[in-house]
Amino acid sequence: MVAMPTAWCSIALALLLALHEGKGQVAAAPDQPAPSHRARASHLRPRRCSCSSWLDKECVYFCHLDIIWVNTPGQTAPYGLGNPPRRRRRSLPKRCECSSGRDPACATFCHRRPKPEAVVVPGSGPPPDVFQAGRARPSAGELLQQLRDISAAKSHFARRQQVAVRELRPTHSRRWKR
């Protein structure tokens, strides 16, 4: 026969384990049938939307609400996403599909077009005599003078910094060294 304190500890431990297993599940309402064992075994992750590509890290981070991001030296890896989708989604024109049509932040994120990279094509810039905001380009002499002024200012600053460092150093007389 089991001693009385050991029996109470066993019952308390069994109750604790039973409560811990059901901690994350919502109780079934009396009018709804209880989910099957297979449905309970799979964890449904809350997600805002479904990304067209698993390589789009910004989309995956935005859409999947409870993933854990682990920083590794080479890349940022999402854990907890499950298996990648079985079908190819290259035909989708959008970045992702929202779970709810009433989520304006998701609609804005998924349906906006990525900003194209700025590509500079030689010869497609402004005319040589006008520089961007209507300012005339400086002549070669003016540009050379500006570079000389910058160089002189840098050397003057370096000299002042050396003097300041020398003044901060303590000077020791010979009698302190004896």
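Positions of Cβ are set from backbone N, Cα and C atoms, glycine also.
Bear in mind that the values here come from a model prediction, so they are computed numbers and not experimental data.
CYS49 is paired in Swiss-Prot with CYS63, the candidate among CYS9, CYS63 named as its disulfide partner.
Out of CYS51, CYS98, the record in Swiss-Prot bonds CYS59 through a disulfide to CYS51. Looking at 64-79, 96-111, 144-159, the range tied to region 'Endothelin-like' in Swiss-Prot is 96-111.
You'll find the Cα of CYS49 (disulfide bond) roughly 9 Å from the Cα of CYS59 (disulfide bond). Applying an 8 A CB threshold to same-chain residues 6+ apart, the list for CYS59 (disulfide bond) reads CYS49, CYS51, SER52, SER53, ARG95, CYS96, PHE109, CYS110.
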